[in-house]
Amino acid sequence: MSSNQSVDRAVTVLWILNGLQQATVTEIAAELDVHKSTASRLLAVLEQHQLVVRQPGSMAYELGHGILQLASTVRSQNDLTRSAQLLVEMVAEHFKLTANVAILDEIFAVNIAQSAPSEKFFTPRQYVGRRTPGHATSSGKVLLAFAEKAVQDQVLATELEAFTQHTITDPDCLDNEFAQTKERGWAVSNNEWDADMTAVAVPLLGLSGTVIAAVSITGFTHDLPPESFAARAQELQTLVQRHGRLLE
């Protein structure tokens, strides 16, 4: 195996774990289409550098703290991300719900900031830096609703994966969802990405008036019941309009 090939495979392992969250040597070998011994050597090197870690009492690997150290360096250099973090902390404190800021990456939403864990409310798993499906998340719906038609057409032409029984998988229904989101100025993911989890998102406008990101709040379904969607969305819109300049 050449050194370039080794590097490529090692990086691919990180992306695999980013997507799956946890995977065994066998699963990673299958994803890479290599022998288990090759996958094991790659994981051993990555583990040496704290980029992956094996869970105690488990055969599964996941991303290690080294990734967070690298990410924190990038984050400290990125004004948008740094400002977004201030915004999500403010939003989370106001609603007592987890808050995120996401940007569009092709047809996916990528979270660039998530409020810190708190004892005051439930915090879902960490999504910073992860691609999430645009058709199943509130942030994704907002970003796609205000995206160019070519981007929307690309989403509608793909096979829409069902993550729960409530995920929108019909292109016509999703197209209508985009239109409704753009008209009212907010979107909801109601048990569509994670079961029993609901999120409401609104757009964040840049100086030119275009949508540069989406701001969302997430909680259990009983924290964000359907009858509260409109009021919470309007409240979030007001907060983002007032403090969203942090990201400009």
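Numbers here mean position along the shown chain, with the first residue as 1.
The backbone N, Cα and C atoms fix where each Cβ goes, and this holds for glycine too.
Here is what TrEMBL records for this protein:
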- 4-65: domain 'HTH iclR-type' (DOMAIN)
- 66-248: domain 'IclR-ED' (DOMAIN)
What does the DSSP secondary structure composition of the domain 'HTH iclR-type' (4-65) look like, as residue counts for helix, strand and coil?
39 helix, 9 strand, 14 coil
What average pLDDT does the predicted model assign to the domain 'IclR-ED' (66-248)?
87
